[in-house]
Amino acid sequence: MFKLFTARQHDKIWDFDGGIHPPEMKLQSSTVPMRIAPLPDQLIIPLQQHLGPEGELRVRAGEQVLKGQPLTVGRGRTVPVHAPTSGMITAIAPHTTAHPSGLAELCVHITPDGEDRWREQQPWADYRQRDKMALLDRIHQAGIAGLGGAGFPTASKLQGGLNGIITLIINAAECEPYITADDRLMQEHADEVITGIHILRHLLQPQQVLIGIEDNKPEAIAALQRALRGQDDIHLRVVPTKYPSGGAKQLTKILTGKEVPFGKHSSSIGVLMQNVGTVVAIKRAVIDDEPLIERVVTLTGDALSSPGNFWARIGTPVLYLLKLAGFKPQNPPMVIMGGPLMGFTLPSLDVPIVKISNCILAPAETEMGLSEPEQSCIRCGLCVDACPAGLLPQQLYWFSRGEEHEKARNHNLFDCIECGACAYVCPSNIPLVQYYRQEKAEIRALDQESARAAEAKARFEAKQARLAREKLARELRHKQAAVKLTDADQQTVDAAVSRLTRQSDGSESVINIPAGQMPDNSAVIAAREARKAQARARQAEKQQARSTEETTDVVDPRQAAVAAAIARVKAKKAVQAQHVTTDVAEAGSEAMAEDPRKAAVAAAIARVKAKKAAQAQHVTTDVAEAGSEAMAEDPRKAAVAAAIARVKAKKAAQAINPD
C-alpha cells in the first residue's frame, strides 16, 4: 500500500493560478513532416542572437569561410555565431533584424558557394570520457543559446547549475497556439532528444529528470515513450493543455508543486529547465561537433498554401521561407515572428531567422480579426484572474502609463513573462503587454544611467582620494626638507659635538687665565659693535624710506602751488629780516661809535623792527596754514586765502620797510 501511495505521489501533477484556453490552431502544421529549406542566395547573420553582448569579429569582408566556422569570439556570456554554409563574406554591415523596434544591427553577409563544405570536425563518440569543463566549453563554443525564446547562453546556465540541482526539467509543453516546431522535432528526432537528456544528466547529476509535455501532442508522446524504452531514470509527465503551461515558473509548479519566489529563478529552488530544441542542439554539438547553424521553424497561417515545419539555416531571410510555404500577401500585410500571443509584427520581410526564431505566422485578413480601438479600463479584474504569475496587471498598467517606475518595480513588473493572457481577456482591448515591455525598457535605461552615474561618482571620489594622498605626501616631503640641515649647519653641529667629545675625554685642554689678567674679548666686542652699526644703518634706512613715502604722496597741483608760494614768501621775509637786522646793527654800530645815546636809541629802534618782522613772519605762517586747510576743503577758498595771505605779507613788508 505504501509503495502504491509513493508511486501516486511520484506521478502527481499540480496546477498554477490563472491561465487561459485559446484556440490551439496547431493541426495546420503538426501533421506535416518537416522539410529542409534550400540555401538562399544570401545569408544574413546578426552578431548578437542571445541574451548578452555581441562577440568580437574573427573574419573580414572578402574572406572565404567554411560551414560551421566561427565568425565571432565566444568568451564568458558572449556566445559565438558560425557560418551556416561555405561561401564568401560579401559585407559586414548593419541590417534590420527580428526585433519589435525594427532597428538595424551589425550582421555578416555571406553569399553561399553551393558546395556546403564543412570545416574540420572532431566528433566525440563517448562524451562520458570527457570532464565537465570540457563538455561545457564544447557547448559554449558551439554557440548554443536557449531555443525556447529567451536566448540565455546555455553553457552559462549549465555551469551555474553544476551544484545544487535536484530536478532537471525538459520543457516540451509548447503551449502557444500555432507553434509546432518542438512537436515535430520530438516526433521525428526523439532519439536525439533522449541522448541530449543523458548528456545533461551526466553533467548536472540531478536526483530526477522530468519531461513535461501537454496532452495535445499524442504523436510526440508516443515517440518519446518508444525512445525511452522503459528507462526509469527519465520520467515523462503528460500535463493538461493550458496556456501558458510552458512558462518556466508555471511548468515548475505543475511538475514539482514548488513555486519560484518573486524576483528569483527556478535554480533558487534546485530546478533547472531546458527546451527540447536546446537539448537536440546540445547532442549535436557534443557528439557530432556541429555548432548551432540551423533550427526548426514553424511556417503557418491561412496566408500560406503549404504550412509546415522547416529546417532553416540561421540567417535565412523570412521572405525566402514564406515563399517556400506558398505565401499569399494580404492587405494590409501582416507577418508575425512568434505566436499570436507573445510574438510581434515584423517591420520588414527581409529580416533573417535567428537562433530564437521558432515560428513565422502569416495570418489571413479574417483569421486574426479586426483590431478594435483601445478603450478605457473598466476595472473588471479579468486580467488579474488570467495572470499566471500572480501579478496585478491593472495596477501595472496604471503605473506604466503614469511612469511611476518604482511602484511598477515594487509590484514585481519584471516577474511578468509577457504571455499576453491579460491582453487576451481584456474587454477594453488594451495592449497591456506593450505597456509592460515599454515600462521594462524605460526602467532598464534608468538603471543603466544610474549605474553610469555611480561609476562616475566612484571614479571622482577615487581621484579626490588620490589627490589628497598626493597632497599629504608633498606636505610630508616639504616638512622633511625643512628640518633637514644644510651642509654648513651640519658641519657646525659636527664641530661642536667634536669639541664636546674632546673636552669630555680630556683630549682638548681648557684655557686657563692667570689671576690678575683680563681675557681678550676684543673679537666679541668688535662683533657687538658691528651688529650695533648694522642696526643703526637699518633704522636709518627705515626712516629714510618713511620720509620718501611721505614726500612721494600724491599732492593736489593747487595745494603744491600754494605751498611753493608760501615757501618763497618765507624765504623773502627771512632775507629782508636779516637785511634789516644787519642794517640796524650797522647803523647802531656807527651811531654808537659817534654818540652813546644815539647808539642806544638806534638799538631800541632795531629791537622794535625785529619784533615787528617776527610778528609779520608769524602772521604769514598762520595765513599759509589757514590757506592750506581751506584748500583742502575747497580749491576756491584756497585761492582766496592765498591772495589774502599775499596782501597781508605785502602790508607787513611795507610796515617793516616804509621806504
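Including glycine, each Cβ sits where the backbone N, Cα and C put it.
Close to Cys377 ([4Fe-4S] cluster 1 binding site) in the fold, though at least 6 residues off in sequence, lie Gln394, Tyr397, Trp398, Ser428, Ile430, each with a CB less than 8 Å from its CB. According to Swiss-Prot, the feature [4Fe-4S] cluster 1 binding site maps to Cys377, Cys380, Cys383, Cys426.
DSSP assigns Cys422 ([4Fe-4S] cluster 2 binding site) to a helix in the three-state reduction. Positions annotated as [4Fe-4S] cluster 2 binding site by Swiss-Prot: Cys387, Cys416, Cys419, Cys422.
Secondary structure of the domain '4Fe-4S ferredoxin-type 1' (366-397) per DSSP (helix as H, G, I; strand as E, B; remaining residues coil): 10 helix, 0 strand, 22 coil. Annotation source Swiss-Prot lists domain '4Fe-4S ferredoxin-type 1' at 366-397.
Taken from Swiss-Prot, the feature domain '4Fe-4S ferredoxin-type 2' applies to 407-436, supported by sequence analysis.
Annotation for Cys422 ([4Fe-4S] cluster 2 binding site): same-chain Cβ neighbours under 8 Å, separated by at least 6 residues, are Cys383, Ala386, Cys387, Pro393, Leu432, Val433. Rounded to a whole value, the Cα-Cα separation of Cys416 ([4Fe-4S] cluster 2 binding site) and Cys426 ([4Fe-4S] cluster 1 binding site) is 16 Å. Taking the binding-site residues Cys383, Cys387 in turn, the residue surrounded by the fewest other Cβ atoms inside 10 Å of its Cβ turns out to be Cys387. In the predicted model, residues of the domain '4Fe-4S ferredoxin-type 1' (366-397) average a pLDDT of 91.
Scoring each of the binding-site residues (Cys380, Cys416, Cys419, Cys426) by how many neighbouring Cβ atoms lie within 10 Å, the top position goes to Cys419. For the pair Cys426 ([4Fe-4S] cluster 1 binding site) and Cys419 ([4Fe-4S] cluster 2 binding site), the C-alpha distance works out to 14 angstrom. Cys419 ([4Fe-4S] cluster 2 binding site) sits 20 Å from Cys380 ([4Fe-4S] cluster 1 binding site), taking the C-alpha atoms as the reference points.
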